[in-house]
């Protein structure tokens with residue numbers, strides 16, 4: 001019987017990994033002041049999140065094996081999970097600089113913390129390098145070592161492609177709704193979010209257990225990429241229609257000129273008059289203009305459009321899960337667990 005990991009259990013692995021990373025830096029005789037800086041970055045940036053991506057690795061390994069993990073299996077899976085969290089930290093530190101963000105996880109963004117500034121760019125590079133330090137230390141003799149390295153490299157590049165498309169499509173200081181399209185939106189969410197948040201953790205679990213056949217990876221991708229797209233569309237929906245006390249933040253997609261699912265849906269069905277309203281009010285840092293856009297979303301019945309989309313896409317995902325070929329060790333339960341976590345979520 002598979003066993004779900006807890007955040008406490010997952011967190012308990014991190015100090016050993018942090019020490020391994022600091023030891024690696026010490027091997028180059030890094031001066032103490034810089035070592036302390038690296039330690040602080042490793043304790044601020046990867047920690048403090050929900051760790052959903054990271055915990056998906058041990059959860060998936062346990063579901064694939066259909067039993068609780070041994071200590072060694074758990075350590076390996078959690079280590080791979082922490083590598084996805086380091087990847088996420090690398091992206092977030094960089095994104096926050098690019099977006100001029102103010103806070104992250106309830107604290108000032110890393111680049112806004114005292115004395116950090118643009119040194120954060122180098123810190124982001126070091127967080128990425130940490131992945132490969134840990135891979136070499138703990139997986140050098142693993143049969144899938146090469147595939148694990150390639151998985152991280154490829155997923156990193158895919159995410160950077162999504163980020164590039166996002167930055168060029170929706171700059172905060174230049175509102176041009178002609179840039180937006182559902183095709184661009186789909187590219188952004190698939191590459192910027194779905195690959196590293198949904199596909200990568202399961203691919204890592206399959207590699208850990210030497211079950212990463214081309215067929216298994218393809219089946220996983222065919223389910224997890226649409227699932228990741230659904231997750232992001234849900235996020236966009238909650239940004240406008242969710243309750244701030246549920247989602248833990250006040251939605252800012254309208255003011256931030258985000259190429260979101262809702263604005264693309266609005267553009268697809270708006271009359272010329274309604275489009276003019278969008279062009280005059282979208283992407284402006286103004287409460288009244290935001291209210292005008294929100295009212296337009298209501299007038300266009302976007303909430304119902306989302307609910308119809310949700311039922312359709314979840315039906316398609318369930319059908320794909322039901323058709324999974326389990327002969328090479330893949331398990332339907334892995335995907336059912338992902339879907340159960342996000343279907344009808346309110347935060």
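Going from the start of the chain as shown, residues are counted 1 onward.
Cβ from N, Cα, C; glycine included.
In Swiss-Prot, the isopentenyl diphosphate site is described by 50, 53, 105, and among 32, 34, 88 the residue recorded at this site is 88. Long-range C-beta contacts of residue 50 (isopentenyl diphosphate binding site), restricted to its own chain and to partners at least six residues apart, with a cutoff below 8 Å, comprise 7. DSSP gives residue 99 (Mg(2+) 1 binding site) a coil state; it is part of no helix or strand. DSSP assigns residue 104 (dimethylallyl diphosphate binding site) to a strand in the three-state reduction. Taking CA atoms as the reference points, residue 105 (isopentenyl diphosphate binding site) and residue 95 (Mg(2+) 1 binding site) are 14 Å apart. Closest by Cα distance to residue 232 (dimethylallyl diphosphate binding site), from the recorded positions 53, 90, 91, 95, 99, is 53.
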